[in-house]
Structure formats: structure tokens, C-alpha cells
Amino acid sequence: MVEGGVTTADKTEFTECWKTVWKTPYIMRLAFSAGIGGLLFGYDTGVISGALLYIRDDFEDVDKNTWMQETIVSMAVAGAIIGAAFGGYMNDRWGRRVAILGADILFFFGAIVMAVAPNPWVIIIGRILVGLGVGMASMTAPLYISEASPARIRGALVSTNGFLITGGQFLSYLINLAFTKAPGTWRWMVGVAGIPALVQFVLMLSLPESPRWLYRKDRVDEARAILEKIYPANEVEDELNALKLSVDTEKADEAALGEGMITKVKGALKNRVVRRGLYAGITVQVAQQFVGINTVMYYAPTIVQFAGFASNSVALALSLITSGLNAVGSIVSMCFVDRYGRRRLMLVSMIGIIFFLVILSVVFMKASSHAPKISGIESAHFGSNSSCSAYLTAPDAPRWSCMTCLKADCAFCANAASEFHPGACLDSSKVVRGECRAENRVFFEKGCPSKFGFLAVILLGLYIISYSPGMGTVPWIVNSEIYPLRYRGVGGGIAAVANWCSNLIVSESYLSLTEALGAGGTFFVFAGISTISLIFIYFLVPETKGLQFEEVEKLLEDGYRPGLFGGKKEKSKDQVEST
């Protein structure tokens, strides 16, 4: 998933990681147990894409209300924003282990609440609970793994959290597909998330707190005991001294910045280097969301239905492609990000994203213009009570197509001979849906039969391939490198909030946009926003590959200018005064 932080690790580090965990299985136990939080993060953000299809079938007021569908999806994001903020407080006050246990409780009860929900509003409550858990897990799981891992393999172990997030999303699609024929369908889909939450809760009860947090709380002996389980005996003292130096530096920075988040944010915004870092960090985080990726991750089966595949199970099966490619892309990113650089990978990624969004837009518009016509005879076949009332009273009814019918909040019952022949425009109620399917016809409610359908799915896959290795992972890497050390937590937090808020805006507005503009028009809007984002990235985001933190700070101090202008740097105030 795109909201989780990513830490890169090279091939050597992965080799060292394998050797180390083979010798010390306890390290893998720590990393795997905490990493289940990443799996839950991915699962709970991905599962709703398929569950929503069947929630619409069970609750007609959801099926008829676009805003309700968007709210069911996006309330997990809203909960995550609050969960991330509260999770930061829990991490500092009660420790990483307690925060993970708290997230598990929220995941478990959120899953149960959704599974037994008697109405849509209870589902929304469950989504908020799950979202709170997602927000807490998104920052706590990688933090715990990082602080409980040997420094030489830290990147590799933290990277497993990123894999588990995308793996959790892929698993959610598989689980969705597995329960399409089961009684209760969506209730099983959302309820299954309670199992790994319970497993992680039990595992974490037997694991220790982060040694760094313990040392910071002056529980040095406990921190030493954990380090002795992680490091060879001859390295423990060195690690303890390094931990002391790091914690002392952190405390000194906090004393310099002042107490309280508001004070820290004000201090960050007054610092020119941090402001320039935020221009870059917020730009890439907002761009990551406004290229439209989470419309695909949250609404992939619905988008596939827009492309002309009416069957829920077919839509879910084809959606596996997007989720699988997203998981593969995160691995590809790790292979190339240190070789070709962050900036270049993002620029190439954005160009590919824009290209495929434009082509997708054209394909969906073409599909709309070639939608099957409405036949008065076919509609009359089901009787006036089953026909769409808007169609019956429309003066231009002979010119209606399937797309006109769907825009009137009705449904298209395909011709018995061929889906592409003129069909019936009917009321979209459950009863009429049953009448249509009783004659072995296909009932279309979200999209129209189209010969462009498979092309749209292929383009969707190419869009994911363009997105995942670049804009999917690199923005988090940039935000881990772009700020001065003493402001890294504040800067990264501000950028992460910008990411979650952008995610909320996109997920809460996507279906409304498709109603107003159509799927083609909506993808074109995303292409336009992506083009603007590409320009901002080009002008505001420097290359940080291979630079020490001090070099990045100096680069921002001098002022970054892209190569198009000769690679010149803005003179600092001191330089101006000296001339």
C-alpha cells in the first residue's frame, strides 16, 4: 500500500539479512510478528474494493447512493489520519509494543463490527475502527522492526513491512474471490481480518518492548537484555553505547526545538532548509495520491465493471492483476532506486502514468460512445412496471443507448442473442435484476457491454506498472532523506498527513466524479493533475541518491534548480553578502 513508509535495502543487505536471521531466529520472530501489522494494513485497505460489490447487493440504499459507497470506503482513511496522530502519542508514552497491541484490538473489533453489521452505518463504524488500527500500524510496525533489528540488516527487515502491505492487498483480493459463492460473501471478506489481528496480539504478548524506547525511559537493564538476544556478545556494548549517543542527541534536539508538536512545527516552518524540504516532501506525497492510484486500489472491481464486465466474480478476478502488479512493482523499485536515483525514477514514472491515464480516458470515452442501443421492443418485453420510468417518458427515447440508461439511474439488461445488440432499459431494483437474470441475460448497472473492456484492463495494468516502482515507493524514501536530522520526525509527519488527507479527498470523491464526468472524464482529470504534479516534481524535488544527510541539507540551503536551467543554484544569503 502506498501510505506505508518504505526503506530500501540493497542485494548485499538482503544476503546479510538471510545469514543473520538464520543464525538468530529470534530477530525474524520479532520482525515477522510486528510485520503482521503491515499485512493487516494492506488487507483492510484492499478488502473493501471487492466487499463493496456485495454490500451494494445487500443494501439497496448503498447501491443507490454514491456518497454512501464513498463514505464506506474512505472512512478507513479518515480513521487512519486520527490513528496515525494518536499512534505517535502512544508510541512515545506507552511504547511501540503497546501501540501494536492497541492496533490489533482495533483491527479485531473493527472486523467483527463490520461482519455482523445490520445496516450500512454500522459498517462505517467498523471501517473507522479499522482505519484507526491502520493509522497506528502504518507508523508503529516499521518503527518497532527498525528499533529491534541489527543496524546492518535494518533496511532489509523494514522492507519486509512494505512487502507485507502490498502482499496484504493481494491477499485481500484472493480472499474476496474465495468467498464470492459463500453465504454472507462480504461479511466473510471483512471478518477474516480478525484472525491475523488475533494471531499478532498473541505473538506480541510474548515479545519485548523496543530497546530504544526502554533506554529512553531509563530502563537500561531491560534494553541490554534485549540487545543480548539480538547481537553477538562482543557487539552488545558497542550497540548500547551507540544507542546512548543516539538517544542523547535526540533529547538535545528536542530541548533545542521546544516541547509540543505545535512549537516544533512552527520551528520547522521558520527554517528555510526545512521549508524547501517540505516543498519537495509534500509535493511527492500529494502527487502520489492525486495520480489516482487509490481509486484503483479501493475501486478496482468497480472500475472493471465500468469497462463492461458485469459479473462480480469476473471483476474481482481481473482486479487481481492490478494488485499483483503493485506488489511486484515494489520489488522492482528496490532494484533500481539506488542505481538510477529517486528523482529520475519519479519523473519516468509520472510520464508513464500520464500517458496511460490519457489512453485509458480515450478508451473509456470510446466505449461510452459505442454502447449498445436501447430497444423499445426489448424493454417492453419485461413490462412497463419493470422498465425504466425515465426511458418511458423521455421524448428522445429512440436515441437512448446503454450509457444514457445508466446515467438515468437505471440498468441495462443485455440482449439474449448478444450483449452488443440493442437491449432493455429497466429499473435497477433487485426484483427486476432477478427477472433479467432469470432469462440468462446479463444485467449491467455500472458499465455497458464493450469490446474495449479487455484493452481497458490491460491499460490499467500498464498504469500500475508505471506507478508502483516510482511513485508508489519513492516518495516515502525521499521524505526519509530530505529533512535535516533534528526535523526529520516533524517534516515526515507533516508530509504523511498531506498524503493521508489527499488519499481521503480522492477516495471520497471518485465515484461522484465518475457520475458527473464518466470514467473517461475522471481519468482525464487525473491525467491533468498528474501533469501539474510532474512540473512541480521537476522544479522542486532534488536528487538525493548517494548523498549524505549533511549534503542534502547543503543542497537545500544553497537552493535547488533543475538541470534545464544549467544546474545553477540559488545563492544563499551569506554568499550574496560576500559578493
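Quick reminder: no glycine exception, Cβ is built from N, Cα and C everywhere.
Among the residue ranges 306-333, 390-417, the one that TrEMBL annotates as transmembrane segment is 306-333. It is 345-365 that, among the stretches 123-145, 278-300, 345-365, 517-541, forms the most Cβ pairs under 8 Å with the transmembrane segment (452-478). In terms of C-beta pairs under 8 Å, the stretch of 123-145, 185-207, 306-333, 517-541 lying closest in packing to the transmembrane segment (345-365) is 517-541. Non-local neighbours of the transmembrane segment (185-207) in the same chain are 29-30, 33-34, 36-37, 39-40, 43-44, 47-48, 50-55, 58, 97, 100-101, 104-105, 107-108, 110-112, 114-117, 126, 130, 133, 172, 175-176, 179; each lies 6+ residues outside the stretch with a CB under 8 Å from one of its CB atoms.
Within its own chain, the transmembrane segment (278-300) is flanked in space by residues 1-2, 45-46, 48-49, 52, 73, 169, 173, 268-269, 319, 322-323, 326, 346, 350, 353, 357, 460, 463-464, 467, 471-472, 474-475, 478-479, 482-483, 491-492, 494-496, 498-499, 502-503, 505-507, 510-511, 522-523, 526, 529-530, 533-534, 536-537, 540-542, which lie at least six positions past its ends and keep a Cβ under 8 Å from the stretch. Remark: the transmembrane segment (67-86) makes no contact with the transmembrane segment (517-541), by the rule of 3 or more CB pairs under 8 A. For the domain 'Major facilitator superfamily (MFS) profile' (30-545), the mean pLDDT of the prediction comes to 87.
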